[in-house]
Amino acid sequence: MNDVSKASLPKAIFLMGPTASGKTALAIELRKVLPVELISVDSALIYRGMDIGTAKPSADELKAAPHRLLNIRDPSQAYSAADFRRDALAQMAEITAAGRIPLLVGGTMLYFKALLEGLSPLPSADPEVRSRIEQQAAELGWELLHQQLQEIDPVAAARIHPNDPQRLSRALEVFFISGKTLTELTQTSGDALPYQVHQFAIAPASRELLHQRIELRFHQMLASGFEAEVRALFARGDLHTDLPSIRCVGYRQMWSYIEGEISYDEMVYRGVCATRQLAKRQMTWLRGWEGVRWLDSENPDRARKEVLQVVGAIAD
């Protein structure tokens, strides 16, 4: 698409960044001065009843700056990148039709990628094939199935841990159904996003600062009642650690503590470590991201001004 035809497309803003970088605070400030509506791009914030451990915006913040695609699933339900793309496109169309600009804010980079580039033509899940894989796993163990994936698709096997049955099963299922590897298929993109997108990433200037922010926020969550929140989920009886919701960072570690598998101190240590690892993965995505403008989260006023310099003209 050439620059002229791109300029005729409706506008959108992406505000990306690692966890604890100040994305939400900046988005709320931007909404005060720009004709934008916020759409959450976060695979944890979609869940109801998971507020403290996901650092969900407070009731006051949401009143001042409503976020779409928040609290749209029960923790027992799945939500895919395809689900997100469908829902986000519908919300973006609605916002644009009202004469405003969609501002998509979050840290789930897979969702941003799916929205921007479209989805690979992966086959739909097949219960029969999935059942056969699970039966094999029960007989032989997931470790052996991971070795099988290494032979079929070494790139996917390097990315998927043997203790991640959901993703391991899906990679094998895709091959058994289509005859093509997950790596082959994910290199084929779908429909590109029909918007002129201005992309920003916010993060502290140093890794040490980000680590400090992560540790501080985890302790703030604990002080705000995170344990009670997870105990309420645990008490339901229908949730478990194979679900994406309970595998969210912080929740998985607190779950292990509640089950008596680890001590409280170990839970805190693992929770902070897991959050840092998540931030590292997010930063790896962002460093390879094309067309992104970087903002310093340690200087929020300057970050806001930089966005306004770029976006102010398109918002007039």
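Indices start at 1 and increase along the chain as displayed.
Heads up, the Cβ atoms here are built off N, Cα and C, so glycines get one too.
Swiss-Prot assigns the feature region 'Interaction with substrate tRNA' to residues 166-170, out of the candidate ranges 21-25, 71-75, 166-170. When the ranges 42-45, 138-141, 218-221 are checked against Swiss-Prot, the one recorded as region 'Interaction with substrate tRNA' is 42-45. Residues 247-252 are the range that Swiss-Prot records as region 'Interaction with substrate tRNA', among 115-120, 151-156, 247-252, 265-270. For the region 'Interaction with substrate tRNA' (42-45), the model's pLDDT averages out at 98. Fewest Cβ neighbours within 10 Å among the binding-site residues Gly17, Pro18, Gly22: that distinction goes to Gly22. A gap of 40 Å separates the Cα atoms of Gly22 (ATP binding site) and Arg130 (site 'Interaction with substrate tRNA'). A Cβ distance under 8 Å defines the sequence-distant neighbours of the region 'Interaction with substrate tRNA' (42-45), meaning residues of its chain 6+ beyond its ends; these are 53-54, 56, 67, 69-71, 79, 84, 106-108, 110-111, 244-245, 248. Note: the Cα of Thr19 (ATP binding site) and the Cα of Thr108 (site 'Interaction with substrate tRNA') are spaced 9 Å from each other. Taking Cβ pairs closer than 8 Å, the region 'Interaction with substrate tRNA' (247-252) reaches residues 19, 43-44, 47, 50, 53-54, 218, 221, 226, 230, 233, 241, 271, 274-275, 277-278 in its own chain, all 6 or more past its ends.
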